[in-house]
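S.K.: After the structure tokens below, expect a handful of questions from me.
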């Protein structure tokens, strides 16, 4: 009898826990994805803050030349970063217990791998939590689909690119100047500016900014005034009101006359789908581009210069880009390589033969 009561009580306890986790009445929804998201993101955030402030220098290139990234070792907010895991570790899973000591783990950049892997798991669970909450509320699932774009981008630079290049040391440093350094080196080694998928990403980001500004300004300019001239127009809106808060016909008419009729949406639903889809698809393509360049399927190159009938080079913009890429590659890991990889490789065949 006692065992039966204990079993029933424990099952009730588990049931109450399940109800609490999946309840949409909580101030912040937890959900089953949140059960994994909360500890992983807390771990990533805590280790990032501690390492950004106090981590010792890391031997990023595996050549016994440690690079300092923390504030206590001479950096500021701009130059500081979590330095990626050493090339000596490569792609090995490197938790604290795999190192001989904590000092060795820090010297080899263990915190970077710890932060990145927990962060990626955490943001993936955040995306799942968005879907889960939408499901519980009877909403459509497109919020999680939209969030998949930044998740894909983060996964590309923190996981797919290191896998393709063979080492976590090639991942993006976790800092402001480290991000810019990653971008410059990426251009030098992969010519990303000449990759069509990056171009689509640029169109997505800048186009999304343009469309967001256009939409916001059109709505703000065509509000249906519910207040006097002495009050803010914003005060005329009541949360949850059934009436339209702006005149979409007026906005449609304005924009249709500003450009041409069919450049303007007359359907609010298709308009907002477009506003969401444009940047999301662009960032998807950029993440896909990073993932292909990770395995050295690079942007277009024009290594063969245009020459005249006498064999003299006719300089084009491609030649300037090539020279800039070589210059950036020479400066990258200057003590790890004697020559940039392009100059050390076999000479390109002549096209005059």
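Keep in mind that glycine also has a Cβ here, set from the backbone N, Cα and C atoms.
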S.K.: Given the ranges 87-108, 175-196, 197-218, 219-240, which one is assigned the annotation transmembrane segment in Swiss-Prot?
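M.R.: Transmembrane segment, as annotated by Swiss-Prot, spans 197-218.
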S.K.: Of the ranges 70-85, 118-133, 246-261, 294-309, which one does Swiss-Prot list as transmembrane segment?
M.R.: 118-133
S.K.: Can you check which of 29-46, 47-64 Swiss-Prot lists as transmembrane segment?
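M.R.: It is 29-46 that Swiss-Prot annotates as transmembrane segment.
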S.K.: Which residue among the recorded positions 126, 161 has the fewest other Cβ atoms within 10 Å of its Cβ, if you could check?
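M.R.: Counting other Cβ atoms within 10 Å of each of the recorded positions 126, 161 gives the minimum at 126.
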S.K.: Relative to the transmembrane segment (197-218), which of 29-46, 118-133, 142-156, 274-288 accounts for the most Cβ pairs at distances under 8 Å?
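M.R.: If we count Cβ pairs closer than 8 Å to the transmembrane segment (197-218), 274-288 scores highest.
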S.K.: I'm trying to understand the geometry here, so how far is the Cα atom of residue 161 (site 'Tyrosine radical intermediate') from the Cα atom of residue 118 (chlorophyll a ChlzD1 binding site), in Å to the nearest whole number?
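M.R.: The Cα atom of residue 161 (site 'Tyrosine radical intermediate') is 17 Å away from the Cα atom of residue 118 (chlorophyll a ChlzD1 binding site).
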S.K.: Does DSSP put residue 118 (chlorophyll a ChlzD1 binding site) in a helix, in a strand, or in coil?
M.R.: helix
S.K.: With every protein chain in view, how many other Cβ atoms are within 10 Å of the Cβ of residue 118 (chlorophyll a ChlzD1 binding site)?
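M.R.: Its Cβ shell of radius 10 Å holds 20 other Cβ atoms.
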